[in-house]
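Have a look at the structure below, then the notes.
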Amino acid sequence: MPIKIPDTLPAFDALVHEGVRVMTETAAIRQDIRPLQIALLNLMPNKIKTEVQFARLIGASPLQVELTLVRIGGHKAKNTPEEHLLSFYQTWEEVKHRKFDGLIITGAPVETLPFEDVTYWSEMQQIFDWTQTNVHTTMNVCWGAMAAIYHFHKVPKHGLKEKAFGVFRHRNLAPSSIYLNGFSDDFQVPVSRWTEVRRADIEKVPDLNILMESDEMGVCLVQEDKGNRLYMFNHVEYDSTSLADEYFRDVSAGIPIRLPYDYFPHNDDTLTPLNRWRSHAHLLFGNWINEMYQTTSYDLNDIGKGRGI
């Protein structure tokens, strides 16, 4: 079944053009089932592009999903029209009374700052605590993953001498994991970050299990059973051109940047990159949503009971 999103959301037409099944709010009402309620806390500067990336993966599920777009209340977005935010987004304060089957927390362009120096860190801490009582399962991505694993387990992030940037081979460390069902033994994942979390720090926490890792880029995906959380430190959701967009943006701004590793054909930035991670991105999100469906409560009000802070 398709993803349910507002009829006038810019992502609607983009997804239809790609062949992703989407459903109007009017049509969804006629289906006598409870759709999965998934929220996207979008911390990225270009919110519209990020909406499309995650809605594409969610919409490929055979289950009906209702997507709620959420933003930080006290933070002024610089790269997304205010009209778009007012039309399609709610602040966390406006949705915190609700319960959700799933929550995705995106990356944010603040990864070189200490967490405590991020202007909205206090609200992020409240959101993380809120997920324990109001969200069945959370997918934390890039900075969102680093922030969450630091908040819950004090696992630190470490700065890198140069940006981890490109497409890298990763290993499947847990073939029997429900989240890696159908995964190859090795696969490609886009990476774009200035910081990392380290295996040695994660291994100090008994509840954390490393599912995906790269010899060059280190830890990629961590599962925490106790809190129903996944920590994805890289960007499986990226479009084919996302790394190119970042590269040319930095080049235009005069920021020193290397070509993204193993990305442009023949390392020629005039050639169109091939997407070699799309199928595994769909597998990961499909498995996450399937597990969500299998384990969540039919009554949304029961989500989080007995899990508390």
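Counting begins at 1 with the first residue displayed.
Heads up, the Cβ atoms here are built off N, Cα and C, so glycines get one too.
What Swiss-Prot says about this one:
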SITE      Glu111  site 'Important for acyl-CoA specificity'
ACT_SITE  Cys142  active site, acyl-thioester intermediate
BINDING   Lys163, Ser192, Arg249  substrate binding site
SITE      Ser192  site 'Important for substrate specificity'
ACT_SITE  His235  active site, proton acceptor
ACT_SITE  Glu237  active site
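What Swiss-Prot annotates, mapped onto the structure for a quick look.
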residue: Glu111; record: site 'Important for acyl-CoA specificity'; DSSP class: coil
residue: Cys142; record: active site, acyl-thioester intermediate; DSSP class: coil
residue: Lys163; record: substrate binding site; DSSP class: strand
residue: Ser192; record: substrate binding site; DSSP class: strand
residue: His235; record: active site, proton acceptor; DSSP class: coil
residue: Arg249; record: substrate binding site; DSSP class: helix
Return the residue, from the listed recorded positions Lys163, His235, with the maximum count of other C-beta atoms within 10 angstroms of its C-beta.
His235
Among Lys163, Ser192, Arg249, listed as contacts of substrate, what is the widest Cα spread in Å, to the nearest whole number?
14
May I ask which residues of the same chain, at least 6 positions away in sequence, place their Cβ under 8 angstroms from the Cβ of the residue listed as 'active site'?
Thr50, Gln53, Phe54, Arg56, Leu57, Val141, Ala281
Write out the long-range same-chain contacts of Glu111 (site 'Important for acyl-CoA specificity'), meaning residues 6 or more apart in sequence whose Cβ is under 8 Å from its Cβ.
Cys142, Trp143, Met146, Lys157, Arg193, Trp194, Thr195
Tally every other Cβ atom lying within 10 Å of the Cβ atom of Ser192 (substrate binding site).
19
Looking only at C-alpha atoms, tell me how far His235 (active site, proton acceptor) is from Arg249 (substrate binding site), rounded to the nearest Å.
18
Given the substrate site residues Lys163, Ser192, Arg249, which other residues of that chain have a Cβ within 8 Å of the mean position of their Cβ atoms, reported in sequence order?
Phe165, Leu243, Glu246, Tyr247, Asp250, Ile257, Pro260
Let me know how many other Cβ atoms fall within 10 Å of the Cβ of Cys142 (active site, acyl-thioester intermediate).
24
Report the same-chain neighbours of Arg249 (substrate binding site): residues 6+ apart in sequence with Cβ closer than 8 Å to its Cβ, ordered by sequence.
none
